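As structure tokens, the structure follows; a few thoughts come after it.
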Amino acid sequence: MQGCPARPERCRTRAGRELLRLVKCLCHVSNSFSLAVDCSSWIMHQKLLKNAHYIELGSYQYWPVLVPRGIRLYTYEQIPLFLKDNPYITDGYRAYLPSRLCLKSLFILSNETVNIWSHLLGFLLFFSLGIYDMTAVLPSASASREDFVICSIYLFCFQVCMLCSVGYHVFCCHRSEKTSRRWMALDYAGISVGILGCYVSGVFYAFYCNNYWRQIYLITVLAMILTVFFAQIHPNYLSQQWQRLRLFIFCSVAGYGVVPTVHWVWLNGGVGESVVQDFVPRIIVMYLMAAVAFLFYISKVPERYFPGHLNYLGSSHQLWHIFVVLMLYWWHQSVMYVVQYRLNQPCPDHVENL
Ligand SMILES: [Zn+2]
């Protein structure tokens, strides 16, 4: 009989076996194919209902969420020590999961859902922009091979940054602390790669007409990022004791950009020059966005003032993620603007001869 549930004795619980026998019996009695299909869909529906949980979304109301079998959400008190980072996020934690269920949890509502999807969509954004730039924008601007290489490098860096972050937020709830820590290290490394992408493109186009300083700054930036990598593989890097050092390294790497910027302004004749007035505001906007994002990140505002109310939506880490995507997008727009400018304007003599 097609569609009828077979072998009720395979069912693990007694109630389940009884239920399957009853359904099978009904199917046989009816001797009708359509009823058999109905039976199957009814069983499927019952299964789904069994897996439905109601979770608290902030303090508003209870939302029904279908949670795959084997995944449940925990409160802050219930999660392992290595996941305890933000006491103001009181509920909605995934924990103790094997890799397969970590991946499956992509599709449930937890306190990491917005973190995961914001950067997954960010990855798709930079991937699409990359394809569009390579196939439409650069060819139409008669870009050189060098332009293609630099644009590919920085867009690749942005995509790596997004994917490392997605990886960490998907697998941080892994049952093995070691695996979770490895993904966290990769998340930090991804941020450095994203910053490297900004520096490579910024330095390359800012010093487009000055090969000497372009090489000096590219080498310095590469050396700095490599040093950060070596710091990151140190076993103490992710420890609580090194938290201040981590902040210092991160701020130094991001703040270093002021040096080539000031130098570039000086080389181009000071703040009165039109080329400076055209580009420096873009860098200032970038730094302002980075400062706001970083303030949210370290201060744990706004959930600090509404503990337990922003578990799923509106927490500081989600704002940080959104600001990171906005910053990288802003940088992409700025770089494409500079590419067009450089391809249309020849290098001025007084800079070329420096
Ligand atoms: Zn993150």
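Using the three backbone atoms N, Cα and C, a Cβ is placed for every residue, glycine included.
TrEMBL labels come from automatic prediction, so no person has curated them.
What TrEMBL lists as Zn(2+) binding site is His169, His317, His321. Residues or ranges marked as transmembrane segment in TrEMBL: 114-132, 152-173, 185-208, 214-233, 245-267, 279-298, 310-331.
Touching of the transmembrane segment (114-132) and the transmembrane segment (279-298) is ruled out by the presence of fewer than three CB pairs under 8 A, sequence neighbours closer than 6 excluded. Only sequence-distant pairs (6 or more apart) were considered; of these, fewer than three Cβ pairs between the transmembrane segment (152-173) and the transmembrane segment (214-233) are under 8 A, so the stretches are not in contact.
Counting every protein chain shown, the number of other Cβ atoms lying within 10 Å of the Cβ of His317 (Zn(2+) binding site) is 20. Of all the Cβ atoms in the protein chains shown, 24 others lie within 10 Å of the Cβ of His321 (Zn(2+) binding site). DSSP classifies His169 (Zn(2+) binding site) as helix under the three-state reduction. Same-chain residues with CB within 8 A of the center of the His169, His317, His321 CB atoms, the Zn(2+) site residues themselves not counted, are Glu112, Val114, Asn115, Ile116, Ser118, His119, Ser165, Gln318, Trp320. Around the Cβ of His169 (Zn(2+) binding site), the number of neighbouring Cβ atoms within 10 Å comes to 27.
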